[in-house]
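Have a look at the structure below before the remarks.
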Amino acid sequence: MECTNNKHPFVFLFSLVFLTPLVCSQLYYNFYDSTCPNLTRIVRYNVLSAMNNDTRIAASLLRLHFHDCFVNGCDGSVLLDTTSTFTGEKNALPNKNSVRGFEVIDTIKSALEKACPATVSCADILTLAAREVGKSKGPFWVVPLGRRDGTTASESEANNLPSPFDPLENITAKFVAKGLELKDVAVLLGAHTFGFAQCFTFKARLFNFGGSGKSDPTLDGSLLQNLQNLCPNQASSDTNLAPLDPVTTNTFDNIYYRNLLNNSGLLLSDQALMGDNTTASLVNMYSKWPLLFFRDFAVSMEKMGRISVLTGQQGQVRTNCRFVN
């Protein structure tokens, strides 16, 4: 069941927010209104506090939500710690020493357990925290709530997350398998408008593109030089960080798409959007119309937030996001 008001593509985002029905499958926009009325305020306060201390955290929370939803659905499984009797997803290759923001979710959960014990799921907390990209000048959308927390995790499925090394066809196939489509790929990759990537995720473009021993000829020359200085051709630079958008690094905007038009996409999977007629057309459109990008990003995020959710009596509401009750 679709619950997005996207029949009129030029309706402002606020129309999307306020005209959307109160129910979406078994998720409801007013799910916690009576059981935890201060939920949004508590989440927002703690995310803003974290952002004041760490300019990267908004992008990190958005990525954490993505990595959650693409493995077992949006069930908070990415938050679970590995123990002697349980294997979580944090040590999967795409997550280890990479995904972050767990402490922010812990802080929010602790505050909510005081305000409304055993009520708000970790999956819903993560979904709401990711929505706060709006505080980095990005879009705002109303989040349907009522997700329950999973009691399992899958390290193997986490190892199959969409990767910066994947060709566009493989990334698209992984999106389609989750009920999304090619447009969602172009839209959600726009989250790379802020945040950072480790050098190893794109270093081959700088020094040995396709095994040629040379740099990627499509990469903008000025950007290439800057990246080679930041990521010298040695293993010790693999974990150095480069901004995904060097122009407006900490701001959620549409500059990412302008960068792609200038052959300045950092990851090969980003620049690959220009190699497909459909996604290239979207890149061109979003580069000109930031409000259209914001509107479509809100729609795609809401779609992603509904992937294989647990509701009703399924799963549980964890009291500690790192462990199954």
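All residue numbers here begin at 1 and follow the chain in the order shown.
Placed from the backbone N, Cα and C atoms, the Cβ positions cover glycine too.
Taken from TrEMBL as is:
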- 1-25: signal peptide (SIGNAL)
- 26-325: domain 'Plant heme peroxidase family profile' (DOMAIN)
- Asp68, Val71, Gly73, Asp75, Ser77, Glu89: Ca(2+) 1 binding site (BINDING)
- Pro162: substrate binding site (BINDING)
- His192: heme b binding site (BINDING)
- Thr193, Asp245, Thr248, Asp253: Ca(2+) 2 binding site (BINDING)
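In the predicted structure, the domain 'Plant heme peroxidase family profile' (26-325) carries a mean pLDDT of 96.
Using Cα positions, the member of the binding-site residues Val71, Gly73, Ser77, Pro162, His192 nearest to Asp253 (Ca(2+) 2 binding site) is identified as His192. Asp245 (Ca(2+) 2 binding site) is 24 Å away from Asp68 (Ca(2+) 1 binding site) when you measure Cα to Cα. The 10 Å shell around the Cβ of Asp245 (Ca(2+) 2 binding site) contains 26 further Cβ atoms across the protein chains shown.
Put simply, Pro162 is the one of the binding-site residues Gly73, Asp75, Pro162 whose Cα lies nearest to the Cα of Thr248 (Ca(2+) 2 binding site).
Annotated pair Asp245 (Ca(2+) 2 binding site) and the residue listed as 'heme b binding site', C-alpha to C-alpha distance, rounded: 7 Å. Shown in sequence order, His67, Cys69, Phe70, Asn72, Cys74, Gly76, Val78, Gly150, Ala153, Ser154, Ala158 are the same-chain residues outside Asp68, Val71, Gly73, Asp75, Ser77, Glu89 whose Cβ sits within 8 Å of the Cβ centre of the Ca(2+) 1 site. Closest to Asp75 (Ca(2+) 1 binding site) by Cα-Cα distance, out of the binding-site residues Pro162, His192, Thr193, is Pro162. Per-site Cβ counts within 10 Å over the binding-site residues Ser77, Thr248 peak at Ser77. Put simply, of the binding-site residues Pro162, His192, Thr193, the one whose Cα is nearest the Cα of Gly73 (Ca(2+) 1 binding site) is Pro162. Across the fold, the C-alpha of Thr193 (Ca(2+) 2 binding site) and the C-alpha of Val71 (Ca(2+) 1 binding site) stand 23 Å from each other. Each residue in Phe194, Val247, Thr249, Thr251, Phe252, Asn254, Ile255, Tyr256 lies on the same chain as Thr193, Asp245, Thr248, Asp253 and has a C-beta within 8 Å of the C-beta centroid of that Ca(2+) 2 site, without being one of the site residues. Each residue contributes its Cα atom, and for the residue listed as 'heme b binding site' and Glu89 (Ca(2+) 1 binding site) these two points are 22 Å apart.
In terms of local Cβ density within 10 Å, Asp75 ranks first among the binding-site residues Asp75, Asp253. The Cα of Pro162 (substrate binding site) lies closest to that of Val71, out of the binding-site residues Val71, Ser77, Glu89.
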